[in-house]
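**Student:** Have a look at this one.
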Amino acid sequence: MDIPYYFMEKVENPPTITQQSPKDYIVDPRENIVIQCEAKGKPPPSFSWTRNGTHFDIDKDARVTVKPNSGTLVINIMNGGKAEAYEGVYQCTARNERGAAISNNIVIRSSRSPLWTKEKVEPKLVREGDPLVLHCSPPVGLPPPIIFWMDNSFQRLPQNERVSQGLNGDLYFSNVKPEDTREDYICYARFNHTQTIQQKQPISVKVFSTKPLTERRPTLLTPMGSTSNKVELRGNVLLLECIAEGLPTPVIRWIKEGGELPVNRTFFENFKKTLKIIEVSEADSGKYKCVARNPLGSTHHTITVTVKAAPYWITAPRNLVLSPGEDGTLICRANGNPKPNISWLTNGVPIAIAPEDPSRKVDGDTIIFSDVQERSSAVYQCNASNEYGYLLANAFVNVLAEPPRILTPANKLYQVIANNPALLDCAFFGSPVPEIEWFKGVKGSILRGDLYVFHDNGTLEIPVAQKDSTGTYTCVARNKLGKVQNEVHLEVKDPTMIIKQPEYKIIQRGGQVSFECTIKHDPTLIPTITWVKDNGELPDDERFIIHKDSLAIMNVTDKDDGTYTCVANTTLDSVSASAVFTVVDRPNPPFDLELTDQLERSIQLSWIPGYDNNSPITNFVIEYEDGMHEPGVWHYQTEVRGTQTTVQLKLSPYVNYSFRVIAVNEIGRSQPSEASEQYLTKAAKPDENPSGVQGIGSEPDNLVIIWEPLKGFQSNGPGLQYKVSWRQKDVGDEWTSVIVANVSKYIVSGTPIFVPYEIKVQALNDLGYAPEPAEVIGHSGEDLPMVAPGSVQVHIVNSTLAKVHWDPVPLKTVRGHLQGYRIYYWKVQSLSKRRRRHVEKKILTFSGNKTHGMLPGLEPYSSYKLNVRVVNGKGEGPASPDKLFKTPEGVPSSPSFLKITNPTLDSLTLEWGPPTHPNGVLIAYTLKFQPINSTHELGPLVEIRIPANETSLILSNLNYSTRYKFYFYAQTSVGAGSQTTEEAVTIMDEGKMGMYKEKTLFATSPVIHTVHPTFYKVRPVYPRIRNVTASAADTYANISWEYEGPDHVNFYVEYGVAGSKEDWKKDIVNGSRSFFVLKGLTPGTSYKVRVGAEGLSGFVSSEDVFETGPAMASRQVDIATQGWFIGLMCAVALLILILLIVCFIRRNKGGKYPVKEKEDAHADPEIQPMKEDDGTFGEYGDAEDHKPLKKGSRTPSDRTVKKEDSDDSLVDYGEGVNGQFNEDGSFIGQYSGKKEKEPAEGNESSEAPSPVNAMNSFV
C-alpha cells in the first residue's frame, strides 16, 4: 500500500531520497561545488557522507558546509580553493528511526580545457588529384572538446563529398584541387563546460598541377584495413564512419549484412560518410559494410558492431506499507549485457552482515516478508551491476497499525453533464488496507453491478451519469482497527447544445453576412458565447458586431474569408459549431495581354487571368476597338471558356485593332483589362456587298434604290463607293450602272409606272471590287388604280347582316401592289320612320384579291347604299356605282317607358312610349299582369293585346290594396321585342282587407279575362343564351356568348356552312365556360353558329353568321383604342352605375316586399309548367335586386349598361376605322365607321329578343 503524499507527514515512515547529483558529475573549477542530496521521512532524516568509501567529516573542513534541513554539500573553492582537491567518489546517507536510505556513488571530477602543445606546422605541398589529411590532434580535455575547421576570418571552411571532417576532427580531402590552396586551415576545439575555444596553428596547403591527371580507384582513408570492430551501449547513438580517397571522388553506400538498416532510426550524415543509428538495441548488433565506388572501381570495409548494455530495470523495488502480521515481497529485477549481479543492502549495510530479522527471507532478486512486526521497518537497497555500470534503488518496508481515514473533504459537490462519466473520490488510508463500500442516499443499499465501476483508490465511477443519478453518495472505509464514512453530492446537469448552428455562407464583397448561434443549456449554468475566426480571435474591427445569438459582419472584405466558430462554454462543458464563410466578387480584370502570330487576317491574343475572387471564371469576353473608324467604341469580338487563356482571332482588312478581355463569373463581369497594343491590318478589296437592297418608287415615274451601307471596318480599305446597277425585267435591256459615294440611296427617274426592275449594288474601294452581288427585284412607282370593280351584288343574310359580291379588276389596271378591296356603305333612311338622315359612311377593307365580304351590324328595316373600290400602295381607285339594298324587319326594342299612375281602390292607369328602335312596323302591344299576395305568391296571369297606335290604358275592377306585377312589350310581324316590367299597388280599403272577389277586367282589347282567387307558385327563371359572337381567323373562330339561368350547365356549340342543308355539326364545351374555339374551318367560307345547353331540350340561342379568311388591317385610326376615348367611356359607365344605385335605393325605400333568397321571379308566368303532383305553379319569389327600377329607368335584359346605338358592333367581317383584324383574320378592335354629322335620330336595335328573353328585363 502506498502512503498518499499529503498524508505522509501524519504517519511515521522511513527516509526516501528525493534528489541527488548525477553519478558522473563534472564541475567547473571556477565555481563552488554543490553535491545534492535531499530526502523526506518522518521523523525528518539526518544526513551523513562518505568520500572514497570512508566517512567524510564535514566539520573538519571549513570549506565544506551542509544546507539547512538538507544533506546537500557546498564546497567553497572561490577563495583560493582548488576543485582538483575535492575530486573523488561521494555517497550520501539519510537516516531516521525507521531506517536509512543511501544515494548513488557520485564521482566528482573537475573540468579541464588544456592548450595545444607547441609544435612546428610544416606547409603541405600536394599534387593536384592526390589525397590529403590535415590532422587536428586536439588536447585531451574533460569532457572532450567539439572540433571544427575555420579560416582566419572565422568562416567555416566549405565541406562536400570531396572535402569533409572526420569523427576524430581531422580534415580529409579525397583529392585536392588548385582552389584548395590556402594558408589558413585552422582547427578549433571548443570546451563547452568551461566555455573556452582553443586554436591550433594555421596549416598552409599548396596544390601544384601536373598534366595529365591520373585517375585512380577508391581506397579508404579511415578506417584502415578491410575490417574493424565497434562496441556500443544499449540506448546510445551508434556512429560508423568511412572516408575514402580516389579520383574521381568516390561515393559511399552503407549496407547491413544479413539484414536491413532499421527504419526510422537510421540517418546518413557528412555526405553519407557517417552512418547514424539512434537508440540502438541488442538487435542492431551485426556486420555493417561501407562501399566506396567511383567509375574505376570500388573498395569496402566491414565493421562488426556489438551492442552491450549497462543494467536497466525490469522491475524496480517499490515501497511496502504493511500492518503487523501481514506478508509482503520486495522484487528487484534488472537486465543487461552481460547480465547484472543483484545484491541487497538494508539501511545501507550489506544484508549478509545486517542484523537478523526472522520475518524476512532473501531469495535472489526477491525478499519475502511474513508476519511482520513494527521492528521490521527498514530501508532496503537493491544494487544491479555489470562492467558497464550499476543501478541502485531504495525501497522501504514500513510496518504500521492505523485505523481507516478518509482524506476526501466531507460534503464535496460534484457536477457533471448528463451522459458523461461521473468520478466520486474517496481517498483513504489505513493499515491494514481498508475495504471501501459505496451507498446512495441516507438508507440506500450498497452499490453493486454493471452501472458502477469501483477503483482501487476508492473512487466510484458512474460511466454514464443520468439525471436520476443526482443525489448524495456515502463512502464507507473499514479495517480491523475501525470504520469511517464520508458523504459527497452529485448533480447531473443538462448538456449545453447549439440548436441553431451557423451555416455556410457565400456573400459578395461589400455585402453583409450574419451567422446565427442559438444555444440551449441547463438553467443553473451560466453560458458564455465566444466567436473565433480560424481558431483565433476575431479581428478588432467595428464591422464585426456580436449580438446575443449571432455574429454580423458589415461591408465584408476579402480578409473576412475563413472558418467562423461559435463556442458555448459553461463551467462544466463546452460545445462549438463552425461555418465556412467565402467572400466572392466579380473577377479581377485580366492583365498582360499579348499579341502573337500576327497575320493579315488573324492574330493570337493571350492574357493572364485575374483573381477569380472565390467564384470560378466561366468565360472570357474579347472586345475590339477600331481606332481608325470608330475610336473609343468597343465591339464584341468573341468569347471563350474560363479555362482558356489564348484565342485565335479573325481580323478584317484596314482596321486599327486594339483588344481587351473581360472575365465573367457567376457574380458578374470584371472591369475590362488594359487595352492591348494596336495592330493595323493591311487594306484589301471589300469582302461583302451591302445588305437590304430594295427598289421602290416614291413617284409614278421613278425607282428609288436603297441599301444598308457597309460599316467602317467592312470597307476593307480607303475610298469606299458603291456601283449601282439596274435594268427592266424581262425586256432584254442592258444593265445601267452608276458609281456613287458612300451613301445609301440612288433615285432613277423617268421610269414607266409600276414595272419590275432587276437591281444590284456592289461595293468597291481603292483596291478593287467586292464579289459579284446578288440581284433583287424592285418596282418603279405606283399610281392610283384605273377602274372600279364590276357586277356588285348584295345578298341579304338577315336583318343585320348582308353579303357583298363583286368582280375583280384586271391586275394591269391596278398599277401597283394590290392591297385589297374597300367597301363604303351608309344608311339612307329607316323604313319604319320614313325620315332621311345625314350620310354616315362606314368602311370595310378586305385584303388580297377577294371577291366578296360580309357587312355586319346593319339596322333592321332600313335602306342602305354601298360602293366598292380597289386599293393599292398609292391609294384607292374609282368607286363602283352605288348599290341600293334594304334590310328586312326585326323584333323591336322594349317600349321607351312604362308609367303606372292614378291608383284607386280598383283601378290603375298605364302610359307608355313606343320602342326607341321599332325595327319594323309595330302591329300590337302585349300587356301581362298578375297579383302578388302577402305571402309573395303570384296570382293568375292576365294577358291583354293592345293596338299599336295606343299609348295608355286604364285597368279597372282590380282588387283593392293589392300589388300587381306588369309585363309589357311591343311586336312586329317578326315577333315580340324586349319587355319592360313594373309593379304598382291599388289603394287600401280597410273594410275589405284580405278578401278576394271574382271580377271581370275590361281593356281596349276585346279579350275578356277572369281573375280567379287561386294563387300559384312561380317557376324558376327559364335560362337563356344571348349575344352569341364569333371572331374568325382563316381556319378557326372564337365563339363567345352570355348566359342567364341556373348554375352548372353544360354547353354545346353547333355550326355549319351558311345556306347549306347539311346537318349541324356539334362540339361539346368542357365545363360551364362561355367561350369555345372552333377549329378546322375552311378559309373564306361563311358559317352559321348557335349555342345550346345540355339537358334543356330544344333550348338553343339564336343563330350568328361569320366568315373565315384573312382581312387586311385598316390604316385609319381606331378611336376606340385611343386613351382619351377609353377614359371618357369609363367615366360615362361609372356615372350610369351611380345613378342606377341611387334609383335602386330610392325604389327600395317604398313598396318593398320580402322575398325568399333561393327563388327568382323574373320568368314569364305564361311559360311556367305545372307541377306534376298538385298542378300548381311554382311559388313566386322576387329578390330585391330583381325588382324594377323607378319609372323611366331601364337597363338591358342582360343586366349590363349598353349604348343604345348598335351600329358599331361590326365584328369579324372587315376593317373599318375601328374594326381591325390581324393577318390571320382575328378581330382586334371594335368597329366604328367614318361618320358625317347628322341630326339625332332614334337608333334602332339589331337585337331580336323573344318573349322568353324579355322576362329578365330589369335589375
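Please read every residue number as a count from 1 along the shown chain.
The backbone N, Cα and C atoms fix where each Cβ goes, glycine too.
Remember, TrEMBL labels are computer predictions, not curated facts.
Marked as compositional bias 'Basic and acidic residues' by TrEMBL: 1154-1174, 1196-1205. Residues or ranges marked as compositional bias 'Polar residues' in TrEMBL: 1243-1259. The domain 'Ig-like' annotation in TrEMBL covers 15-103, 114-204, 218-306, 311-398, 404-491, 495-582. Residues or ranges marked as domain 'Fibronectin type-III' by TrEMBL: 589-684, 686-783, 788-890, 894-990, 1019-1111. What TrEMBL records for 1154-1259 is region 'Disordered'. Annotation source TrEMBL lists transmembrane segment at 1124-1145.
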**Student:** Taking the domain 'Ig-like' (114-204) as reference, which of 15-103, 218-306, 311-398, 589-684, 788-890 has the most Cβ pairs under 8 angstroms?
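**Tutor:** Highest pair count goes to 218-306.
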**Student:** Before we move on, state whether the domain 'Ig-like' (495-582) and the domain 'Fibronectin type-III' (589-684) share at least 3 Cβ pairs under 8 Å, counting only pairs 6 or more apart in sequence.
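**Tutor:** Yes, these stretches are in contact.
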**Student:** Pop the mean pLDDT for the domain 'Fibronectin type-III' (1019-1111) in here, whole number is fine.
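**Tutor:** Taking every residue of the domain 'Fibronectin type-III' (1019-1111) together, the mean pLDDT is 76.
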**Student:** Kindly report the helix/strand/coil residue split of the domain 'Ig-like' (15-103) according to DSSP, in that order.
**Tutor:** 7 helix, 46 strand, 36 coil
**Student:** Is it possible to list how many residues within the domain 'Ig-like' (311-398) are helical, extended or coil according to DSSP?
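**Tutor:** Grouping H, G, I as helix and E, B as strand yields 3 helix, 52 strand, 33 coil.
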